[in-house]
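Trainee: Got a structure for you, questions after.
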Amino acid sequence: MTDSIQTILKPHVRDLGGGVSVRRTLPALSPRFVGPFVFFDHLGPITFAPGEGQDVRPHPHIGLATVTYLFDGAIMHRDSVGSVQKIVPGDVNWMTAGRGIVHSERTPDAERASGQTVHCIQTWVALPREYETIEPSFEHHPAAPLPKLTRDGVVLTVIAGDAFGLRSPVTTYSRTLYAAAEFEPGGAFALDAEHDERAVYLAEGDLAIDGQPLPAAHMAVLTPGARVTLASAQGARVMVLGGDKLDGERFLDWNFVASSRDAIEQAKSAWAAQQMGSVPGETEWIALPERRAH
């Protein structure tokens, strides 16, 4: 392994039900997280026939921000602060859970009727301790205004935080690096060591990091301080993520993230008692599962 790569994380397949599964690379054993990113799911591409779709019923979160970024397809987001937002490829949905939020994600009516292919990345970003219990909020940012840079056959889009001398308009609460890189065949660029922790995920195509191939759906955690060259022979879709190291330990249990186990237990009790709010227009909800923390 090249010195610029600390480790390569292999995905684990998780069944979400309804014929839908994801490839999950975070959390991992070591390192557990990358910067503020504590959860990383890659869904699809999956094709739904006309009349079929994805239905993620209302469920809660605390202590984090969820980030949805699509390559293909459309998803309808609804939440307990009243947001109703369709997201399409290139847009960013950033939902800050703070002290608690409930949301659902479903296939929009038009796409359910026609059928569609969905391909997306969903991540969780842990909030710093001082912001863990802020008021919940939701932001939608269309693709067009997001800062972009084209260099040497690569289109770089800054989804959140700062990178390549650009800053995203998405609200973040710690220094964050989250960008999408679309490689044309033969495209390449150098990634500087501007952030404490960094990783590169290959969503589609082929990629080499300082000459070492990265398998598809794998995440390369980069060595701190290393400047690396990313190159694709045939073209690729790549996610670059990282930022400041977390300000202490984080516990994950179901959909909850917190710096204390007590906060998670309180959230579990509140959800079981249906005291975390509801999503307007929704009558279903996902019950608290019995499982151990991870």
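Cβ from N, Cα, C; glycine included.
This is the feature table in TrEMBL:
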- H59, H61, H103, E105: Fe cation binding site (BINDING)
- 21-125: domain 'Pirin N-terminal' (DOMAIN)
- 178-276: domain 'Pirin C-terminal' (DOMAIN)
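Just tell me what is around each of these and how deep it sits.
Mentor: Sequence-distant neighbours of H103 (Fe cation binding site) (same chain, six or more apart, CB under 8 Å from its CB) are P58, H59, H61, T66, H77, R78, D79, S80, S83, M95, V279, listed in sequence order.
Here the domain 'Pirin C-terminal' (178-276) returns a mean pLDDT of 97 for the predicted model.
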Trainee: If the Fe cation site is taken as the center of the Cβ atoms of H59, H61, H103, E105, which further residues of that chain fall within 8 Å of it by their Cβ?
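Mentor: Same chain, not in H59, H61, H103, E105, Cβ within 8 Å: V56, P58, P60, T66, D79, M95, I101, V102, S104, N255.
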Trainee: Taking 10 A as the limit, how many CB atoms besides its own sit near the CB of H61 (Fe cation binding site)?
Mentor: 24
